[in-house]
Amino acid sequence: MHDISFTQNRELSWLLFNERVLEEAQDGRVPLLERLKFLSIFDSNLDEFFMVRVGSLTDLSMLNKRVIDNKSEMDQDEQLAAIMDRVKGLYQKKDYVFKDLRDQCRAKGFYAVENEELTEHEERILRAYFENTVSPYLSYQIVDLTHPFPRIPNLGIVILYRLRKKESDDGNCIGLIQVPPNLKRAIRLDKNKYILLEKVIEKYGAVLFESYHVEDTYTMSLTRNADIDWDDEDYEFAEDYRSHMKKMLKKRKRLMPVRLELDRLPPKDVLDSLLKNLSLDPSRVFVTSSPVRLGYLFDMVEELAPLMGPENLDAPFEPRIGRDVDENLPMMEQIEERDILLSYPYESMDPIIRLLDEAAKDPTVVSIKITLYRIAKNSLVAEKLMEAAENGKDVIVLMELRARFDEENNILWSSNLESAGCRIIYGFNKFKCHSKVLLITRVVDSKPVYTAQIATGNYNEKTAKLYTDFALMTAHQGIGRDVNRLFDNFLIGELNGSYDYLWVSPKSLPEGVEAAIDEEIEKAKNGGEGYVRLKMNSISDRKMIDKLSEASNAGVKVEMLVRGITCIVPKIPERTENISVYSIVGRFLEHHRIYQFGKGDDAKVYISSADFMTRNLRKRVEVACPVLDPSVRERVLEFMDTMFKDDIKRRELLPSKRYVPVENRENFIAQDYLMKEAEEYERGKKERNEEKVVAIKSERKKSESFFTRLIKKIFG
């Protein structure tokens, strides 16, 4: 038995986080079209939650033994019941928010129409569109004794027709039409008005069942389990690991249903038939007055933005050149002089691309080693690695093929990289490699010289504009040797290597964190000020939660900024009374992992790829790197101060397990401040460069005038 007086279930905690996303869609201070985006994000988040977390618990529910959660003492069935109960409330809230946003858009003259609102002219246009464009793509059938229930694709949209035979007493049956995923979902009727594709099919699809009367129609969507156990089949005899992964991805598409969404509740006989054919419990049925699958809202925002005006969107922002980066000097030369920190998305990822470009062409570079977890579909990082391999560099890429929902992209890139001459390795059996590290090795005076880069986020040009992360570039040779040793261990399958500077899970990272917390505990016990400050995405690891509780009981002040899953409950007497937990959901997705132990000049600061989740600390290969350069360390601490100062987007987690807004004293949004700060640094750099140019021109004029006078004097 575990003490659950200061912990909460991870699934219910995640649902609280997603409710925060929904609250952003409700917030009148957020521009209207941005609120539509948040609503779409909430919906897609919930899709993934059902595919992965509910899917996993559903698998466990089929076991003949209880599996107990150590933060809530609930078994798998109790967790599923609690989830379904909580989610029903979220659906009600989502429907309310959707209606509110729809009404606000309509008030501005932009809206979706229902079938009953169509004019005769619009009906003629849509009938022709259905017959000429939609109908050829439709897959449809009836369901009866001789027509078995078809396989419905994951997250596909289906129109269900309740049918009655025109010239027979055989009774009712149902007809199903799958909405083609390759057709545009929102159909524009004019510049201000649109209708959803499923509404068009619902209205005109009855002609496909001409032997039947249509009694009623419903729109539904099915969610399938996508939580694949990558190790549940022996792949040693397959052609290679990529072949195994392709086979497993095909398996994902056939996994069992975990949720059914309907726009209205059908009669009992129809619903019973659906549940029987889908092997679903009634608790997994959710009725929503909003359209199912709200992903189309992102496309609508792009179309509506020019029409509705800039006040309905966030002000545009492009990442700036890093404050520590000189565009006129080679990256490796700059990194040799000092450590360089990039802060995404406020600063651009371009210096990383420049660094790889230099390495690909530098004759002194002998090798490039990198871990790739999620990369862009059009990846400049991968292209530079391929160029380096083609130039004769030894390029080693650890490509994690098991990055959920990015598997196909990673399989494709691993093949392309290998074809270009890169050496591809796939990490460890049963241990995903989630670390983000890069090592460039040069030979100078017959000795290896290392340039290392360690990041909290992926080598992905797209997400670097959306997620907040740090990327540290350093010529510290001790860190470089550690990264080189890490890759050596990758190549021989060694998980428990020894390192001088880095903390690497599954061994030295959790041990290093616990030892650092112990130092703060000792400090507090001896009358000093013990202090721990953390920023991450999630905390669910029971051992780490207990260690933080121990620190709190010893008098250590613990401040945490955790965006998502938060299984530790703060301010519980004699358990977590010295712990404060906050969360920020804003324009950009908060993604850093930063660990701070102590205050002032003695503070130890690490950036990491690891959240405090059991999977990250004990079942993955993750890296935490110390920030040793004093100026970079100071910058990271200032960044943490800025985040904890936010009094608009920041919420505090209460002992009641509810999030509430912090007291608004300064109307301060950290992300807005950091955007403005990046712009000001870039402006200052440009002004300094302009001053340099003026000074150089002035010196040239002086020099030219001197020589002019001299020539005149000599030659008269």
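Quick reminder: no glycine exception, Cβ is built from N, Cα and C everywhere.
TrEMBL entries are annotated by machine, without manual review.
For His434, the entry in TrEMBL reads active site, phosphohistidine intermediate. Long-range Cβ proximity for His434 (active site, phosphohistidine intermediate), meaning a same-chain Cβ under 8 A and a gap of 6 or more residues, is found for Tyr373, Glu400, Ser609, Ala610, Asn616, Arg620, Val621, Glu622.
Look at TrEMBL and you will find Asn45, Tyr467, Arg563, His591 tagged as ATP binding site. In the three-state DSSP reading, Arg563 (ATP binding site) counts as coil. The Cβ of Arg563 (ATP binding site) lies under 8 Å from the Cβ of Phe17, Met536, Asn537, Ser538, Ser583, Ile584, Val585, Leu589, Glu590, His591, each of which sits 6+ residues away along the same chain.
For Arg374 (Mg(2+) binding site), other Cβ atoms within 10 Å of its Cβ number 19. Annotation note: Arg374 (Mg(2+) binding site) sits in a coil segment as assigned by DSSP. Among the features that TrEMBL reports, Mg(2+) binding site is placed at Arg374, Arg404.
Counting residues of the domain 'Polyphosphate kinase N-terminal' (8-111) by DSSP class, helix then strand then coil, yields 79 helix, 1 strand, 24 coil. Sequence annotations record features per position, and here TrEMBL assigns domain 'Polyphosphate kinase N-terminal' to 8-111.
In the predicted model, the domain 'Polyphosphate kinase middle' (122-299) has a mean pLDDT of 87. Residues or ranges marked as domain 'Polyphosphate kinase middle' by TrEMBL: 122-299.
Per TrEMBL, the feature domain 'Polyphosphate kinase C-terminal' maps to 331-489 (among others).
Under the heading domain 'Polyphosphate kinase C-terminal', TrEMBL lists 502-666 (among others).
Contact counts against the domain 'Polyphosphate kinase C-terminal' (502-666), taken as Cβ pairs under 8 Å, peak for 331-489 among the stretches 8-111, 122-299, 331-489. Cβ proximity to the ATP site centre (mean Cβ of Asn45, Tyr467, Arg563, His591, cutoff 8 Å) flags the following additional same-chain residues: Asn537, Gly564, Leu589, Glu590. Cα separation, Arg374 (Mg(2+) binding site) to Tyr467 (ATP binding site), rounded: 13 Å. In this view, Tyr467 (ATP binding site) is surrounded by 18 other Cβ atoms within 10 Å of its Cβ, with every protein chain counted.
Listed in sequence order, the residues of the same chain lying 6 or more apart from Asn45 (ATP binding site) and placing their CB within less than 8 Å of its CB are Asn18, Val21. His591 (ATP binding site) is surrounded by 21 other CB atoms, counting those within 10 A of its CB over all protein chains shown.
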